[in-house]
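Working notes for the structure below.
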């Protein structure tokens with residue numbers, strides 16, 4: 001879901017959302 005966000009933690013990469021080029025992880 002967050003492929004375009006660049007370097008992010010694996011958990012954020014798979015479960016997070018991209019907002020303005022940054023990975024926003026669910027609470």
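Cβ coordinates are placed from backbone N, Cα and C, and glycine is handled just like the others.
Here Swiss-Prot flags 5-18, 12-25 as disulfide bond, drawing on similarity to another entry.
Its own atom aside, the Cβ of residue 18 (disulfide bond) has 15 Cβ atoms within 10 angstroms in the protein chains shown. When secondary structure is read from DSSP and collapsed to three states, residue 18 (disulfide bond) falls in the strand class.
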